[in-house]
């Protein structure tokens, strides 16, 4: 027996009204995720543009870092707070700035502002993909894939400095600043010899290779290419059916490699799996570095190189280079520690 609810009164509470308005069909979809995405993205991007244009890093790193000071698009950055600030959120209303906006900028308050709003903005974008996927009734693999770069951002900009002594050891937001951070990672963590970095490189470069191969193969096997020998003339968005042959592609790669993907689902899943796994493995490696876990150490080679001046490997050469990075970076990057290294302790050896 079926019962019918005869109470047809329209239940328009505040949530229903908000839900209808947020999900209204408009040029730019807002949705519930937009309440997180748009404000956080606006504040993060606005804070970064303000920082690289006007704000100095003289009080935090002893550097010029803005367009106003003569930097260009590659050398400008929003620098991390000084090491003395530890893990403070550096709120404008906090004890460090006390509502003094200029002081807040001087002590590096923009960096945690951008990092936190940027992280929540990225999460909002992932939730946006979930929300729209549900609305149009497709699977949420786009959102799942986008979670991989989010994991990298969170591990590098938030988890790593949380494992160290302060935000100071996170990357500053700028191109040259990121390069400096990469050199720092190599010198202090031997990052290139970390297996998680190796998996990350394999995932990202492998994904680029897969993308190039896939695009070329589809173009190779087009069989309804318009009335012209020129492929580009046939890029017609009004064509309703696909016009490439999976069978032909399978036959081609079977002859090239001896193996080939048997169906499109497995092929495209693999194209998702490779980069996502690589990025997540690299993020996991960064979490390890936050805890100061070491990369591969070939101590026997180091001992033999120390005893025998004629023995060296590419590994021992890199170890000496890492020592050089540490010695030079520590003094320049942490001026408040007042490190002074006499000439005799700087790395000298077979490799340098």
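Each position is counted from 1, following the chain as shown.
Using N, Cα and C of the backbone, Cβ positions are placed for all residues, glycine too.
The feature transmembrane segment is assigned by Swiss-Prot to 40-60 (among others).
Swiss-Prot lists 117 with the feature chlorophyll a ChlzD2 binding site. Annotation for residue 117 (chlorophyll a ChlzD2 binding site): same-chain Cβ neighbours under 8 Å, separated by at least 6 residues, are 40, 41, 43, 44, 47.
Residues or ranges marked as transmembrane segment by Swiss-Prot: 124-140 (among others).
Residue density at residue 142 (pheophytin a binding site): 16 other Cβ atoms are found within 10 A of its Cβ, drawing on all protein chains shown. Under DSSP, residue 142 (pheophytin a binding site) is assigned to a helix (H, G or I) in the three-state scheme. Residues annotated as pheophytin a binding site in Swiss-Prot: 129, 142.
Residues annotated as transmembrane segment in Swiss-Prot: 152-165 (among others). Sequence-distant contacts of the transmembrane segment (152-165), counting only residues of its own chain at least 6 positions beyond either end whose CB sits under 8 Å from a CB of the stretch, comprise 80, 83, 86-87, 115, 118-119, 122, 171, 279, 282-284, 286-287, 289-292.
Per Swiss-Prot, transmembrane segment is recorded for 207-227 (among others), and the stated evidence type is sequence analysis.
Swiss-Prot lists 214, 261 with the feature plastoquinone binding site. Sequence-distant contacts of residue 261 (plastoquinone binding site), defined by Cβ-Cβ distance under 8 angstroms and a gap of at least six in the same chain, are 250, 253, 267, 270.
The transmembrane segment feature in Swiss-Prot is assigned to 278-294 (among others); the stated evidence is sequence analysis.
Away from its own ends, the transmembrane segment (124-140) comes close to residues 23, 29, 31-38, 40-41, 146-147, 150 of its chain (Cβ-Cβ under 8 Å, at least six residues beyond either end). Using a Cβ-Cβ cut-off under 8 Å and counting only residues 6 or more beyond its ends in the same chain, the transmembrane segment (278-294) has close neighbours at 148-149, 151-152, 154-156, 159-164, 185, 189-191, 194-197, 199-204, 206-207. Taking CA atoms as the reference points, residue 129 (pheophytin a binding site) and residue 214 (plastoquinone binding site) are 24 Å apart.
Look at residue 261 (plastoquinone binding site): DSSP puts it in coil. Cβ neighbours of residue 214 (plastoquinone binding site) (same chain, under 8 Å, six or more residues apart in sequence): 267, 271. Counted within 10 Å of its Cβ, the other Cβ atoms near residue 129 (pheophytin a binding site) come to 18, all protein chains included.
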